[in-house]
Each structure stands twice: as C-alpha cells, then as structure tokens.
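Summarising the annotation, TrEMBL assigns domain 'Major facilitator superfamily (MFS) profile' to 317-525. Summarising the annotation, TrEMBL assigns transmembrane segment to 14-33, 130-148, 155-175, 187-213, 225-251, 257-280, 318-336, 356-376, 383-402, 408-433, 445-468, 488-507.
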Amino acid sequence: MKEQIQQKLSDSRVARWTALMIVSFTMMCGYFLTDVMSPLENLLTTKGKVVYFTDDTSISADSLISKVELFAAANALSSPELTVEKLEEGAELQYMETVDGQQQTVQKTISSVASGEGWSSTEYGFFSGAYGYINVFLLMLFFGGIILDKMGIRFTGIMSCGFMFAGALIKWYALSTDFGDTMLFGMNMQVILAALGFAIFGMGAEITGITVSKIIVKWFAGKELALALGLQVAMARIGTAIALGASLSVARMMGNVSYPVLFGAIALCIGFVSFLVYCVMDKKEDASALAVRQEEGQSEEEGFRLADLKLIFCSKGFWLITLLCLMFYAGVFPFLKFATKLMIYKYDVPESFAGMIPALLPFGTILLTPVFGSLYDRIGRGATLMIIGSVMLTVVHVLFALPLMNYWWFAVVVMIVLGIAFSLVPSAMWPSVPKIIPMKQLGSAYAIIFYIQNIGLAMVPVLIGWVIDDFATLRDTSGAITGYNYSIPMTIFAVFGVCAVVISLMLRVDDAKKHYGLEEANMKK
Ligand SMILES: N[C@@H](Cc1c[nH]cn1)C(=O)NCC(=O)O
C-alpha cells in the first residue's frame, strides 16, 4: 500500500489563496475606514451648511444667501427672504459671480446640501493624525507585536478587529452628534471625540495589519510570498479607492459627514466575521503543521522570547527598511488626507470630482502592486525597485509644490506616477522583511516597522494642518479665506521623498555587503 504523506493545509493552493482572500477582505474594510474622511476635508473645514449645485460647484450657505440678497437688492427685485432651511434640492437661484475676472449673473440649481463642521485645518490635521496616537504614544503597536508573537494569530486578530470596530463606532457617534460650542483642550469636543475613536480604530487597524502580514508569511513562505503580500495590499487599496471616490457623494446624498463612517462601520462588522472564518482555517493549518512536524520527527517550534528582540534591534538592514518605511509612507498616506483639497484649490477641480483624482492613486496600485510583487518573486531586484519608487515619490511632490501647470489633467498624470511609486515600494519592501528577520521574530519586526511608520502617520498630518492654517491660507482684508497656496506643505512632502531616496540607496549598499538577498528572487526554483 502506498504510504500517505502528511501535508500542511497551506500546501494546498486553494486553501492558501482562500485564506489570503478572507484576511485581505478584513483589511480592505479597515483601509476604507482609514481614509473615509479624506475627501471630506473641505466640508469639515467649512462652517454651517454647504450648498452643491448641479454644475458641480459649491458654496457655503451663508455666502450664497448674502449673494442672492445682494443681487435682488441691486436689481430692485423683491427680497427672496432666503434662509438656510429654504436651501433645498431643486431650488433655483440667481446671483452675481466673478467668472474669468468679470462679474456675471449666474442662475444655478441646487443639487444637494450638506452640513459643514467648521473645523480649522489644525483641528483637521489633529484628527487625521489621531490614527497613530495610541500606537505611538502608548507604545501599543510595539506591545501588539509582542502579543502577536506570544499569544498567536487568532487571539491577536480577534482583539484588534474588536478595537477597529469599537473605534469606528466612537468616530461615527462623534460626527453624528452636535456638541455645540463645547470645547476640550482648546478644540471642539466633536474633534476630540472623533480623534479618540480614530485613535482606537488606528490601534486596531495597525495590529490587524501586522497580524495579517504574519498570516501571509505563515501560509506563503517559500511559495508566492511577494505576490500574496502584493495582492493583500492591492485589495486594501480597493478600500482606500472606494473611500476616496465615494465618501463625498455619500455625505452629500445623506446631508451629513457621519454617514460614510457608518457605512464603513457596517463593512467592518462583516470584515470581523470574515476574520472569525479565517480563525477556523488557522486552527486547521496549525494542526496539520504539527502533524507534519511529528511525522518528520521535528521538535516543537521554539516560542518567542523577549531576548530575541536583540536580533531585530542589531540589524542595520532592518533599521534601513524601517526608516525607508517611515519616510516613504510619510510622503503618501498623510498626503492623501490633504490631496482632495489640493485638487480643489491648486488645480481648480470641482469639489464633487476632486476626490476622484487622489482615488486614481490606489486604483493604479490595485493592478501594479501584485505585478511588481510577482516580478520580485521571479526576478528579484527588490532594493532597486525601492530606489526607483522613492525617486518617483520625490519628483511627484516637487511637481505638486511648484507653482506651474495648474491644470487638472496634469494633476491626473502626476497622481498616476505617484500610483506607480506607491506600487513599487510596498511590493518590494514588505516581502524583504522576512529576508532580514526570521519567522519567529517577524510579528515583532513588522510591529516595530509599523510603530516607527506610525510616528510619521501621527505627526505629519498635524504638521501639515498647522502649516496650512499658518502659512498656506490666503485671506482677503476682512480675514475671509480666499484660497490656499500649497507650495510649503508640498515641499515638506518632497523632503520626505529625498530622505527615502537616500535611505533606499543605503539599503542597496548594505544588501550588497551583507547578502540579505534583496536583489534575489523569492521563489525557490
Ligand atoms: N501600517 C499600514 C499603514 C496604513 C495606512 N492606512 C492603512 N494602513 C501600512 O503600512 N500598510 C501597508 C500598505 O502599504 O498599505
């Protein structure tokens, strides 16, 4: 009789790709919630109601009312006695507007009205950075990695999904509640509570992120690892793209910024259930791996010891990857938080389309990240891919900073280039970590990288929000905001790009010396 050879569940193609799809779906829901507020920056930073017209222009309700009344008075028309309540879908209004430097009478029809929250750019920056506050200041990501290596994938994943969901609910509650003028720490209570929710969500999202990375390495090591990591990132980017492309329309349709968050929380609930399904597969994988080890007479896998962290901390290659991650992602994710408003004020894109241009970036990466991942699996050249991506990031931000080519199509082209850069670096960076750090310490290694990365995700939006308020906001003599000059904020993003280029070059040199294998293919022939 032929002897049955024991196999691990992950040796089955169907099983490992199914596991990948399930956990990637959970991550996708998390990424949706991470960026769901980015297209709402203009709405959040406008006070009172915002009126959207059928020609895709928008204006604050107060400013519209005074324009309509001024027009009626100037033309001896009976006063329309317009109030905010009367501004509703379908209403037609006439007033004077400056078109190409000339005063013209315009007639517009309202398509929707949504409530602005009146936040300052500084408050928006504080809120956007909150994603990383608990991770960084309470060292939760660092502990999250240790919990992952000590307590295992199932416990950590369920815990972190729970945090994501709880944080999303708090954020939704804050945005759907009117706190009046209640202030806390010099900021509106709504901003503080929404930031708290986002901080708890961010802790959950990051710990889920390292858990999912470890899951993929567990199922795909020695197989299609970079492709699998690339596909997971690609699915996550679908979440980002939907958030950037659809969030404003949902807020406009429902009349309030809280609804996109509510939809995200519902999606996350489904993502949580899908992670529970994965846990069943994970248990079976562990049982089959144990049976293989027993059959082959191998001893129990050695557990994680705190002392093992020394190996991580002493690796120069690890620190270079970590710093590259900090600089590269500081130039991308925080940029996305401000990109929609950049499109409105620098490239004159109507607000209803403005989110579509940043949404091109994750859409491009959906295809390209797995393509570059598969390239890395088969051909190698990981360090080179990271250098090229970092150079592209720098060029893109320099182009955004320069006061030239302020055409929407140019913004589209530049955003596509950024999409390529944003595919190149992650598809090479994440699969490079297991080449430097062994599996046993991988949870902690990813956690430390994410920890340092989160310092950028937490601080850069705060910095940019403050810079926009103090150095980029253009005002008329009465102090009213007339526009924004994005040169300084975009120069700051370009500096992160330059740092990423220098670090990726150093990584390439270090790889040549220490032979991590970053330039070699991942797949064993
Ligand atoms: N640590 C995450 C950061 C993040 C930001 N938004 C959602 N997650 C990360 O780096 N993920 C890998 C990636 O390339 O998205």
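Backbone N, Cα and C define each Cβ position, glycine as well.
The structure displayed is predicted, hence computed values, not measured ones.
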Report, as numbers and ranges, every residue of the chain located at least six residues beyond the transmembrane segment (14-33) whose Cβ falls under 8 Å of a Cβ in that stretch; write 'none' if there are none.
157, 161, 164, 168, 201, 204-205, 208-209, 212, 215-216, 219-220, 223, 228, 231-232, 235-240, 242-243, 261, 264-265, 267-268, 270-272, 274-275, 277-278, 281-282, 285
What parts of the chain pack near the transmembrane segment (155-175), using Cβ distances under 8 Å and only residues at least 6 beyond its ends?
23, 26, 30, 33, 117, 144, 147-148, 190, 193-194, 196-208, 211-212, 215, 256-258, 261-262, 264-265, 268-269, 271-272, 275-276, 278-279
Intrachain neighbours beyond the transmembrane segment (488-507), with Cβ under 8 angstroms and 6 or more residues off its ends:
317, 320-321, 323-324, 327-328, 330-331, 334-335, 338, 342, 383, 386-387, 389-391, 393-398, 400-401, 425, 456, 460, 463-464, 467-468, 471-472, 518
Are the transmembrane segment (408-433) and the transmembrane segment (225-251) close enough to be called in contact, which here means at least 3 C-beta pairs under 8 A that are separated by 6 or more residues?
yes
For the domain 'Major facilitator superfamily (MFS) profile' (317-525), what's the mean pLDDT in this predicted model?
93
So if I exclude everything within five residues of the ends of the transmembrane segment (318-336), which remaining residues of that chain have a CB under 8 angstroms from its CBs? That is, six or more out.
35, 38, 128-129, 240, 244, 312, 358, 361, 386, 389-390, 393, 397, 418, 422, 425, 429, 432-433, 436-437, 445, 448-449, 452-453, 455-457, 460-461, 464, 493-494, 496-497, 499-500, 503-504, 506-507, 510
